[in-house]
Amino acid sequence: MGDFNLALVIVAVVVSVVVLLVSLYLLINYQHPDDANQAYFPKLVVVLGLTVAILSILMLPADVANRQACKRAVYNGACHLTLPMKTLWIVVYIVDAVLVFLVIPFAMFYYEGDQDKSVGKRLKTALIWVFASAVVCGLILGILYAIVGKVDFTVRHLSSSVQQFPNSFSGLSSGQPCFSQSPKVCAASTAPANSLTTWTMRASFPEYVVALATIVGSVLFTIFGGVGIACLPLGLIFSFVRRPKAVITRSQYIKEATELGKKAKELKKAAEALHQEERSGNKGRKWRKNVKAVEKELLLLEDDVKALEEMYPQGEKAEATWAFTVLGYIGKLIFGVVGLIISIAWVAHIVIYLLIDPPLSSFLNEVFIKLDGVWGLLGTAAFAFFCFYLLLAVIAGEMMLGLKLVFITIHPMKWGGTLMNSFLFNVGLILLCSISVIQFCATAFAYYAQATAAQEIFGHTLQSLRGIKYLYKYNVFQYGFVALAILTLIYYALFGWRKRKPTGRFQISN
């Protein structure tokens, strides 16, 4: 057992270092050239946020592995666990909440501040906004914790009179489970209905903070994740369906490029007009709506430019470029099909294991257990992958709804072209939803992750909090998740195969 403990500690340290390096790699390769050699504080926040988000997802598999250190113990207290997982969960999610509600908003306010102002004024403005947000959040948390920060556990009160220890147990049976012939209140199966009672205790403040952050994240996760679980694989598949079938002629390229240039001039003129309004202090609702509209038009224009470049590769290696383009779309099809299988498995598991009572099958729980039987970490790796897939679905859902709905600000993540405000927004979204993803996975895979610290926090305390427990009792988030996934599937079945209509005077044609 000691060797297992040492191996788990070594793996935890190595994985933490690898995650940090991966976060740095993502930052370096996704950042926009305009942010090179500047915006160091937002970059530090991005790396820290990505590291915490990824580690929080990996902590649930680690929690499962941590329980394996005591799998031969007669009871939990008979073995000293390798890692103090409950303490680690609380620390990670307190850090998560601080990053989401304080640090990331400060970094965004500072980064998006008026560049004509001095550093001191930008810092002052950002601090005022964050301080105001912290005061409001603190008051809300304090009031809610004081009023309803309690946990109501439903328990069954069992009691029995003291009896002399018998010399023989032959008299005990399923019909007579107690030593005495008195009313059988010592057995839960035969206890009367009035033995059920409520045991109330106050939750710890850190657990309550995690619980409220989970509720906020669960709302976003249900919306974005429900849409993304369908649009992530289907978007890749229909991207292959709408792919350019052949290289266009030079005359077609010139015609399309000219139209794109006209649209670019229109957007530049609109952006300059909005910038002028900003300088004059006219930043009302209409101005913000127009800014979002221009941002979306610009994103769509960039997509059209990329599509045009794909249809007319230039240079000495034009043929090789076209070959890689074709292979890229084939890769999207393959990943789309694999993703579709995973999405179907997720939705089926939610319906079979969570929405139907009693569950028809433990489904993916059994799959992970059998994979662990093949190789020790295979089931754990598959388990972590399914959790990460939900985070990818959240980002895909946010991108899709950002393009379709005006009131949602779009923050695209592009290789070598992501500004720090978009980076910070998406990291904040990932952090906020990561709490809900862990809670969702701990519930969906309760059989596989049983007797873990995550089960204690998310499976018992969270689902028994006063005023919150009904959201989980009636599976509100699960029903919403599945409903949005089905609606998105219907949308793609009806409109996904169509090419996007141009939002200006230009049109990309094959």
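Along the chain as shown, residues are numbered 1 onward.
Each residue, glycine too, has its Cβ placed from N, Cα and C.
The annotation coiled coil is assigned in TrEMBL to 250-311. Among the features that TrEMBL reports, transmembrane segment is placed at 6-28, 40-62, 90-111, 123-148, 208-241, 333-356, 376-403, 423-448, 476-495.
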Proximity verdict for the transmembrane segment (423-448) and the transmembrane segment (208-241), three or more C-beta pairs under 8 Å: yes
Segment-level pLDDT (mean, integer) for the coiled coil (250-311): 81
Cβ-Cβ under 8 Å with the transmembrane segment (123-148): same-chain residues at least 6 beyond its ends: 101-102, 105-107, 109-110, 113, 117, 205, 208-209, 212, 465-467
